[in-house]
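Record features, source TrEMBL:
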TRANSMEM  13-33  transmembrane segment
TRANSMEM  95-114  transmembrane segment
TRANSMEM  134-161  transmembrane segment
TRANSMEM  182-209  transmembrane segment
TRANSMEM  324-345  transmembrane segment
TRANSMEM  365-390  transmembrane segment
TRANSMEM  402-426  transmembrane segment
TRANSMEM  447-472  transmembrane segment
TRANSMEM  478-499  transmembrane segment
TRANSMEM  543-565  transmembrane segment
TRANSMEM  571-589  transmembrane segment
């Protein structure tokens with residue numbers, strides 16, 4: 001079989017060192033962003049770097065309007081956004097914290113009851129002749145890892161939100177020096193979030209494994225079974241973060257757009273609009289905090305799925321630590337690769353014009369993928385034996401190290417393909433979005449028809465990419481291959497999150513420029529940053545959905561193994577009823593989240609109309625709107641409305657597992673995976689296309705675009721209506737669906753021993 005070249009001590013040093021490097025790099029990027037002062041004083045130092053517009057004179061200086069009040073106004077707006085976002089997250093986390101404690105108790109009671117809370121050693125699942133730690137130990141350690149995952153997820157979201165709200169006004173002020181400088185500030189801020197999340201997730205998981213190992217000793221099967229709670233904790237918090245944040249942001253956005261842009265014909269981020277602060281707060285709590293928790297959940301689950309399967313393969317049975325921790329080594333190298341990739345955007349290349357922004361972000365994806373492929377090849381060579389066995393539904397499959405490299409690589413490149421296809425269908429630089437914009441000539445109805453058709457069509461290539469990844473990785477290394485393929489797709493998570501977080505930061509920067517009354521030229525620059533960010537946000541969602549499909553399939557395989565199911569036969573009535581109900585769940589979930597956005601937006605529209613109608617001088621700009629009431633409406637609605645969709649996802653596996661058993665539950669998981677991926681991709685891309693079609697008309701950058709405008713024209717109003725419909729699709733329902741399919745799978749995996757022992761009550765009775 002051979003042994004890995006990298007010694008165990010090398011592994012134990014490599015993983016935490018890479019994590020610490022990631023955290024240090026994030027803090028360094030934050031330090032660079034913090035050098036942008038919220039003051040009107042310009043750095044006239046002769047040593048200031050000339051690159052990326054550092055030495056450009058401020059536009060206001062050129063135009064003679066370098067008013068200190070504008071800068072003070074930017075600082076005030078940033079504080080209002082930061083306070084609103086922090087207040088919402090603390091309110092949300094208070095409710096989520098109560099749920100976390102209650103669910104932790106449930107995990108302990110369910111898993112502890114498998115063996116009647118016995119403290120006696122039990123026969124090992126992989127070898128009945130050996131004894132392993134009691135089920136009660138699994139219950140205790142699964143509960144602890146669940147709480148660890150939940151807290152790490154919440155911290156990831158909160159840190160991301162804080163850096164985003166810290167950087168938005170700074171990006172606005174840097175736009176006075178040139179688009180290159182503003183781009184760097186926004187991107188560096190996104191990188192802080194990306195590296196903190198990737199490094200913290202890796203470090204906490206590594207520490208948890210080492211602490212658990214003190215008790216478990218040689219029982220690696222039990223150890224990594226308990227670690228699965230880490231993924232469950234991460235995803236359950238992400239669900240509430242995504243749904244709650246998504247409802248918040250879209251209630252504010254829809255309310256602001258419908259009254260402000262359509263009825264009152266004022267710009268998107270006009271300070272006269274009462275919902276404008278709530279809208280900017282929503283960008284941070286939904287797209288930053290929610291996305292951070294979501295991708296952390298994907299990372300935690302793919303790692304846990306790979307570790308569970310590996311623990312009952314030759315890696316675990318022979319106690320090969322380096323090979324066992326291969327998923328964590330891949331993630332460690334990913335941090336180093338992303339660090340080098342980030343320098344290409346901030347130091348090696350110079351952004352001189354608006355048209356260079358989107359290509360610079362796309363280069364990040366390509367460079368990180370190419371470098372990561374080389375990194376994975378090296379890691380696979382040094383960290384794996386030349387040949388080994390992988391557990392495959394009751395038998396051990398012989399696998400070579402190069403085959404595992406191919407599994408990671410196929411996931412990595414499938415992610416890039418999904419990213420580029422998403423960009424093609426959501427960027428206004430290409431014909432699909434331009435066709436949607438053109439359809440606005442004949443009104444909102446044709447815009448909606450074209451947008452829906454685009455979304456459905458955009459599913460085709462990503463699904464083929466996912467299908468090929470599944471086939472190749474399963475053929476080469478069974479379910480472990482699929483788990484590491486998902487990990488491959490997420491191995492460049494730091495770069496992916498940097499690109500994703502860049503979007504909302506740029507969006508906020510544009511809003512602050514508008515509210516602070518800065519010049520039109522500044523707004524043009526921030527709009528260009530925002531348009532590129534819209535596309536990259538869609539790419540981020542594509543990555544999240546694609547990885548969710550692979551992660552949930554890997555978790556499904558681990559669940560089937562742990563529940564001792566040899567085959568899942570769809571012709572069996574028990575399985576088929578689960579399959580058809582599971583396929584329905586994403587529709588039910590989407591209906592709940594979209595209606596929640598509609599209900600919250602209705603209250604917001606009524607409040608914005610009330611203020612315009614009752615506050616004298618508001619439309620003229622002589623009176624100030626009541627921003628706080630709109631923030632409160634979004635907060636209250638999102639907290640209230642996030643509970644029913646969250647309960648649907650969390651309770652379904654428990655109800656099905658207890659009442660109908662593991663076979664029906666396997667059908668539910670398969671059905672929700674198959675339909676959920678399709679709906680998530682089409683919803684995200686449809687919404688992204690409608691948004692960029694509107695921006696295409698507003699920018700008027702081409703002859704065709706100018707023929708559809710200007711702002712306020714019938715064509716533009718039709719585009720705004722399409723964008724408003726797409727908002728809950730792309731920022732609430734679509735992104736939340738990938739958490740649904742992952743969360744139900746990981747929850748089923750954690751509770752598998754209980755379902756296998758006590759589940760299927762209805763079938764036992766009848």
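Placement of Cβ uses the backbone N, Cα and C atoms for every residue, glycine included.
Annotations in TrEMBL come from automatic prediction, not curation.
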Stretch in 13-33, 134-161, 478-499, 543-565, 571-589 most in contact with the transmembrane segment (95-114), if contact is a CB pair under 8 A: 134-161
Contact set, same chain, for the transmembrane segment (324-345): CB under 8 Å, 6 or more residues outside the stretch: 6, 11, 14-15, 18-19, 21-22, 25, 29, 184, 187, 191, 194-195, 198-199, 202, 205-206, 209, 220, 299, 302-303, 306-307, 310-311, 315-316, 360-361, 363-364, 367-368, 371-372, 375-376, 378-380, 383-384, 404, 408, 483-484, 487-488, 490-495, 498
Paired segments the transmembrane segment (402-426) and the transmembrane segment (13-33) in contact, 3+ CB pairs under 8 A: no
Candidates 134-161, 182-209, 447-472, 478-499; stretch with most C-beta pairs under 8 Å toward the transmembrane segment (13-33): 182-209
Stretch in 134-161, 365-390, 478-499 most in contact with the transmembrane segment (182-209), if contact is a CB pair under 8 A: 478-499
Whether the transmembrane segment (447-472) meets the transmembrane segment (543-565): three or more C-beta pairs under 8 angstroms: yes
Cβ contacts under 8 Å made by the transmembrane segment (543-565) with residues that lie 6+ beyond its boundaries: 125, 225, 228, 231, 291, 294-295, 298, 301-302, 304-306, 308-309, 312, 391, 393-394, 411, 414-415, 418-419, 462, 465-466, 469-470, 478-480, 482-483, 485-486, 489-490, 496, 662-663, 666, 669-670, 673, 677, 680-681, 684, 734-735, 737-739, 741-742, 744-746, 748-749, 752-753, 755-756
Chain residues outside the transmembrane segment (134-161) and at least six past its termini with a C-beta under 8 angstroms from it: 85-86, 89, 93, 96, 100, 103-105, 107-112, 114-115, 117-122, 193, 196-197, 200-201, 204, 208, 212, 215-216, 222-223, 225-238, 241, 284-285, 288-293, 296-297, 300, 497, 501, 750, 753
